[in-house]
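The feature Mg(2+) binding site is assigned by TrEMBL to ASP48, GLU235. Positions annotated as active site by TrEMBL: ASP48. The feature substrate binding site is assigned by TrEMBL to 49-53, ARG61, HIS65, 93-95, TRP97, ARG99, ARG216, 222-224. TrEMBL lists ASN96 with the feature active site, proton acceptor.
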Amino acid sequence: MLCYHPKDGGRGMIKRLFQSKGRPDAKEPAGTSVEAEGVPKHVAIIMDGNGRWAREHGLPRVAGHHTGMNNVREITMAADRLGVKVLTLYAFSTENWKRPKDEVDYLMSLPQEFFPKMIGELEEKNVQVRMMGHRELLPEQTLQTVEEAVKRTESNTGLVLNFAFNYGGRKEILHSVQRLMEEAASGAVRADQLDESLFRQYLLSGDLPDPDLLIRTSGEIRLSNFMLWQLAYAELWFTDVFWPDFTEEHFQRAIHDYQKRVRRYGGL
Ligand code: FPP
């Protein structure tokens, strides 16, 4: 909230008024009050800045990814407490294969550390794990670990924790079109039946609602091929904070800002 203070010698000094517990980080004002009404149902996060976080701490890049992975736990639990229904995390893109092999191998090994450590807590919190991505190219063991977590939690009815893993928005759209063309050729679908609600059934996000809020950390202001169809009407929120430093307070701040936005979907 920005307030004008008349005692500021007429300079119109603006003061930030947040009900925060303090600033965890100088780069971004910290958390603030979140209204129980109007919490975004689906929040998608581009978890960026692990490498720069590591460099700032004099550590190898993989240490940034490891700390980033630990932060997935913190932010998942925060999302659950805040009443978010779906949390989609961009964990590995179809473009990330271009990184050095050592880094790719490390990123591919993270599920094998994360899920065995976390599955008990995820089950206890009634979290349902999903994976949104292309199965091809994923190492057998990685895929098996993720699929096991998906299977074990599939009947849970709480927060949906959706990992975008080996995910690319353009590839997702092309695959959907390919499947539709095949079905059209076989006569299962007619061109005049195609509308948005039919098309979205072919996307990897399946029955999930579109994200209401997209958060990207680390100061980059782009979508990087993430959920290109689904983000059409999302509110976008960017912060300079690197993903390993992104706390529940920053998350609250993003939701607080979201709650002040007016979503018009092209109307008035
Ligand atoms: C982008 O930062 C981050 C990634 C490519 C990986 C994100 C993955 C996690 C946070 C862990 C995921 C956890 C599980 C369980 C799969 P960057 O490396 O591009 O950072 P930089 O731009 O500073 O180099």
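Every residue gets a Cβ built from N, Cα and C, even glycine.
A map of TrEMBL features onto the structure.
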{"residue": "GLY49", "record": "substrate binding site", "contacts (Cβ under 8 Å, 6+ apart)": "GLY64, THR217, SER218, GLY219, VAL241, PHE242, TRP243, PRO244"}
{"residue": "GLY51", "record": "substrate binding site", "contacts (Cβ under 8 Å, 6+ apart)": "ARG61, GLY64"}
{"residue": "TRP53", "record": "substrate binding site", "contacts (Cβ under 8 Å, 6+ apart)": "GLY64, THR67, GLY68, PHE242, TRP243, PRO244, ASP245"}
{"residue": "HIS65", "record": "substrate binding site", "contacts (Cβ under 8 Å, 6+ apart)": "ASN50, ALA54, GLU103, TYR106, LEU107, LEU110"}
{"residue": "THR94", "record": "substrate binding site", "contacts (Cβ under 8 Å, 6+ apart)": "HIS134, ASN166, TYR167, GLY168, LYS171, ASN225"}
{"residue": "ASN96", "record": "active site, proton acceptor", "contacts (Cβ under 8 Å, 6+ apart)": "VAL104, LEU107"}
{"residue": "TRP97", "record": "substrate binding site", "contacts (Cβ under 8 Å, 6+ apart)": "VAL104, LEU137"}
{"residue": "ARG216", "record": "substrate binding site", "contacts (Cβ under 8 Å, 6+ apart)": "ILE45, ILE46, ASP48, ARG222, LEU236, TRP237, PHE238, THR239"}
{"residue": "LEU223", "record": "substrate binding site", "contacts (Cβ under 8 Å, 6+ apart)": "ILE46, GLY169, LEU214, LEU231"}
{"residue": "GLU235", "record": "Mg(2+) binding site", "contacts (Cβ under 8 Å, 6+ apart)": "PRO40, ASP212, LEU213, LEU214, TYR258, ARG261, ARG263"}
Candidates near ligand 1 among the recorded positions ASP48, GLY49, GLY51, ASN96, ARG216, judged by a Cβ under 6 angstroms: ASP48, GLY49, GLY51, ASN96
Neighbour count (Cβ, 10 Å) for ASP48 (Mg(2+) binding site): 23
